[in-house]
Amino acid sequence: MSTTSRPYRPAWWLPDPHSATLWGRIGRREPQLAVRVERWDTPDGDFVEIARLESADGAAAPRLLLFHGLEGGMHSHYARAMFREASQRGWAADLLLFRTCGTEPNRLPRSYHSGETSDPLWVVEQISREFPDAPLGLMGVSLGGNVLCKLLGEFGDVMPEQVVGAVAMSVPFDLARASRHIGRGFGAIYEKFFLKSLIPKALAKIDRHPELAGLRRVQQARTLWEFDDAFTAPLHGFRDAADYYARASSLRYLARIQVPTLLLSAVDDPFLPSDVLQEVTREVSENPHVELEFPSRGGHVGFTAGTRPWNPWYYGEWRAAEFLAARMRRFVRAPR
């Protein structure tokens, strides 16, 4: 397990996993930063968008590349928080807006999903070429954390030398169990929240691409499993939701990670059964590149600390930045 110079003590005034999870959305107030959005044309004829915050320290300043969660973006509290944290440390920051999560519709039918790593890998390579003298830290949150772990397991041995470390927060390591778990009890509120955004987006994509007409049954989806079975899986070449979850889950890729990586998840995360974290521990038990930090409390992308609700301290982004900063300080580019 990982150790830190500033231990995490969960906020007593967020006593359960749901309050810890929802506080980030309803209780946090993050400042708006001077972020610009760039469109990058991809090799397949489509595009992705990158939200960027530059550093006054120039092209050699450390950089953070963030992968957001399901239906996330710069509106997500954790994205604004990490950009603020990066700015305070003199870093530059980039957020990859996954396809369909940008400012306008994409050209091609394909979308994003929990196992889609081709765009993230391409963006990592592009940034490393653009800023060859800058150490690059990667961070993925929730769905983006699953993408990051899978990416590192698949391609960790060919990562650009600029990639010095990674942090994956609140990862749904086993997608099938996470999908079944999230809709239970009070957790159904999260599922309904996501579907309220996902289904209209899917129907709009079907309207733009007549060849997808057979996927219109997605409008009957009442759970994330049903949505993925009706839309995500067939759109991206999977047999069904079960096949998609089995092939896209990051759990089976963890043992192959070769980049220094911190996995930060709370045992009480309402998006994932806690026994999955025991499997994660077994998977990485012989991998010296992976550090685990699984506090008993914290919710999903929560990790709020502090003794007073009017003066909270947000451990998650501080811990992520601390981990990456330690690796960034050691970066020395190989001579050419």
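Cβ atoms are placed via backbone N, Cα and C, with glycine included.
Taken from TrEMBL as is:
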{"type": "DOMAIN", "residues": "62-303", "note": "domain 'AB hydrolase-1'"}
{"type": "ACT_SITE", "residues": "Ser142", "note": "active site, charge relay system"}
{"type": "ACT_SITE", "residues": "Asp269", "note": "active site, charge relay system"}
{"type": "ACT_SITE", "residues": "His300", "note": "active site, charge relay system"}
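Secondary structure at Asp269 (active site, charge relay system), taken from DSSP and collapsed to helix, strand or coil, is coil. Ser142 (active site, charge relay system) sits 11 Å from Asp269 (active site, charge relay system), taking the CA atoms of both as reference points.
Here the CA atom of Asp269 (active site, charge relay system) lies 5 Å from the CA atom of His300 (active site, charge relay system). In the predicted structure, the domain 'AB hydrolase-1' (62-303) carries a mean pLDDT of 97. Counting every protein chain shown, the Cβ of Ser142 (active site, charge relay system) has 26 other Cβ atoms within 10 Å. Within 10 Å of the C-beta of His300 (active site, charge relay system) we count 27 further C-beta atoms, all protein chains included. Cβ environment of Asp269 (active site, charge relay system): Pro17, Thr21, Ser170, Gly298, Gly299, His300 lie under 8 Å away, each six or more residues apart in the same chain. In three-state terms derived from DSSP, His300 (active site, charge relay system) belongs to neither a helical nor a strand segment and is classed as coil.
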